Every structure is written in C-alpha cells, then in structure tokens.
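What Swiss-Prot lists as NADP(+) binding site is Gly158, Gln159, Ser160, and the listing cites sequence analysis.
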Amino acid sequence: MMKKLLSNELVQIKRAELKEKFSKLDQKVKFAIVLIGDNASSKIYVKKKIEFAQDIGVEAKLFHFEENVDFNLLKDAFKKIDKEYDGIILQLPVLHFDVNELLLMIDKNKDLDGLNPENEKAFYENRECIIPATARAIWTFLKFHKISVENKKVFVVGQSRLVGKPISQFLKNNNAIVRVFDKSTGLKGTEEADILIVATGVAQLIKAENIKENSILIDVGFSKINNKIYGDLDIESIKEKALKYTPPIGAIGPVTVLSLFENLYEIILKKK
C-alpha cells in the first residue's frame, strides 16, 4: 500500500522552535512581501506567509501594487522597504517587468527566497548564501522522513528557477545521482529513479509507466482544474507501484513557507 507523506508534524515542531528563537532576539523582526498584480494563487500564498509570520512573532507587512504600476515608483518603494525591513520577498510570478531587475532591488542579505541573482550565483557555485526556499523545504522534508539521497538515483522533472534547478543543484551537492527532465528531454528514463521529484504544474503528468517499482515520489506541482486541486502525480495510476508519495496539499508547500522564516532567522543571526 502506497504511503502518503505529510508535513503537519514537521511544520508543527519547526514552527514552535522558530517561535522560541525569535522570542529570544533582542529586536522585533520585520518582514515585507511585495505583490504586483492580483494573481489569485499569489494572494493565497501571501496570506499563508503573513499568517505564519504573525504566528511566530514576526511583524509582517504586504506592499501591494497594481499590475501596471510605474517602474520608478516600484524602485522608490523597494528603497524604503529595504531601510525598514529585515527580510523581503517578491511574490512571483510577476508580469510586465524583468524579474531579475526587480530581484536585484532586494538586498542579497534580505532575500528570503534566495532568488537575487547574486545569491543564485553563489548557490550554484556552492558558496555560502541564502538557500532557495523550495530547495531547502524539499531537503528538510526528506531528512524529517529519514529519506537518504546519498548514492541514490534522484531524478527531477522540471527545470524551473524556483524548484527544479535549485533542488537539482542541492541534491548534487549532497552526493545524489541526479538527472533532470523537461519538455525537451521527455520522460523516458524517469522510471529508473529511486526518488522522483516532480515540479511541472502539469496535472497528473506522472503515471505508472514513468516510475520505478517501490520508488519515492515528491510532488511539488500544483494545478487547479474546475475548482479541484491536482499535483503532477496521477494517484490512481501510481498507487499500486510507488512506495511513498506526497500529495499537492499538506506536504512541500507548508515547509516552503517555514523555510522562508528559517532563512530570515539565519539572516538576523549573521547581522549580530
């Protein structure tokens, strides 16, 4: 019987630890989210991040701009935010603007997502940096569930900046045998993976023929079709073949939010 892996217990433990850590600091930590436009999914994610921040004693503030906001106004806003806040997130996706240009407006030492190009460069060169939040989340999740990647075939489907690329690098740094798949490669070969991490946003993409017997499947995909939520895994197809899997809700997502605030705490410590 395929086992469902969840993050409830992990998040509960880590949240309590973070709450205690922040309470012992000699300052009130302030965190800002910049949201441009009215993407419905982005609003949900922003709400969850603000709720988490408030729960652990971090002051949170949303800076919400219209999609057609003037670029110079944005630049001025980032300068003001940088002066007042300890950690900053630019909520993605962003339309109509060069994302790198916006990310460079965030001080690399306040960049909770680890996506500022300077942080990214350091990360891919295996230098000290802020770890991209989703990669950190997947790693934390695997460790909590005692899933070792060392010398295992850990394959990644999807090469996104947020998930696929950073987690692939993180796995290589931790002695996994990594292979990456995307639209250009197709899925042939995924069935050899001991652990398969999927992050494409294509609903029910991965079926029984794409996986190895008794493999572990980590689903970071999220799709909403006719008000129903799907991950990248076709659960009905894989349920007799996989050993363990994560659902699209209650697994990696909550740990990603947690990871942002682990990054924030480490940022504060480095400044002391």
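Please read every residue number as a count from 1 along the shown chain.
Here the Cβ of each residue, glycine as well, is placed from N, Cα and C on the backbone.
What surrounds the NADP(+) site, by Cβ distance within 8 Å of the Cβ centroid and not counting Gly158, Gln159, Ser160, is the set Val156, Val157, Arg161, Val163, Gly164, Lys165, Val180, Asp182, Ala199, Thr200 from the same chain. Remark: Gly158 (NADP(+) binding site) has Gly164, Phe181, Asp182, Val198, Ala199, Thr200, Gly201, Val220, Gly221, Asp232 as non-local neighbours, by Cβ distance under 8 Å and separation of at least 6 in sequence.
Ser160 (NADP(+) binding site): 16 other CB atoms within 10 A of its CB, across all protein chains. Under the DSSP three-state reduction, Gly158 (NADP(+) binding site) is assigned to coil, being neither helix nor strand.
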